[in-house]
Amino acid sequence: MLDVSEQPQEPQFTPIDPENIYGTDESGFSEDEGVKIRVIGSRSKKLQHKQGGGNRENTTVIVTICADGTAPRPTVIFKVISLGHSKKGWTDGEIGVEWIKDFHEQTKGKANGCTRLLLVDGHNSHYTLGFLHFARAHRIHVLCYPAHGTHVYQGLDVVIFSPLKRYWTEEKERLFNTAHQHIKKSNFLAVYGRAHLRALTPENIKAAFAKTGVWPYNPNVVTTEMMAPSKETSSQGSLPVPEPSPVRALST
């Protein structure tokens, strides 16, 4: 007679609450970057000029959002030469490990020992041994978006970054118009901070998770048509390929 108690038990999965579901992504900001704007000038002039600062350095900001409508402090990466830096101005493996340590410190209190879910893209800084070891040791599940699918699955790309870049441009223009200053390291945090607070409202953050079907969970949000290959970048062919010759063999 089979003892029911000895039968293998199905694993029990505990759902992760929205206050422990996070998404993170990075975006670059440069002095002259922003959305297109209209320039009004004299009708007689064919070219209209706008003064710029000439600074082409790229500053990376790692933005993190939570499904409950909150957002931890962003991480700003300047292009400098010092400890904890990035020579090229974007994330690398070393900074990735330091980032997840900071993420843990900011979110462990709210987690209160529960598992956290962290949604990331396929950047290699998210998959170093140090990054994954730290995540596993602190009950942080790292889940990667499918390749070439962040434009559909990544809430920051779908909802947040567009208004963030628009507000960044507005704040940058306001700085120049009121104080005649261009963006530099000494004022970047103040200008970006104002744009960040305007874009990352609780409503926008919740919409980022809802429109991508993460929370509330809704797999029907992403349709087959949304994941279809781009017609502009796709190509089709057929076999056999005709030879490049005006003479062709005919057969019945």
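Placed from the backbone N, Cα and C atoms, the Cβ positions cover glycine too.
Those TrEMBL annotations? Automatic predictions, nothing curated.
According to TrEMBL, the feature compositional bias 'Polar residues' maps to 1-12. The feature domain 'DDE-1' is assigned by TrEMBL to 86-209. Taken from TrEMBL, the feature region 'Disordered' covers 1-29, 228-252.
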PLDDT averaged over the residues of the domain 'DDE-1' (86-209): 92
Helix-strand-coil residue split for the domain 'DDE-1' (86-209), DSSP-based: 83 helix, 10 strand, 31 coil
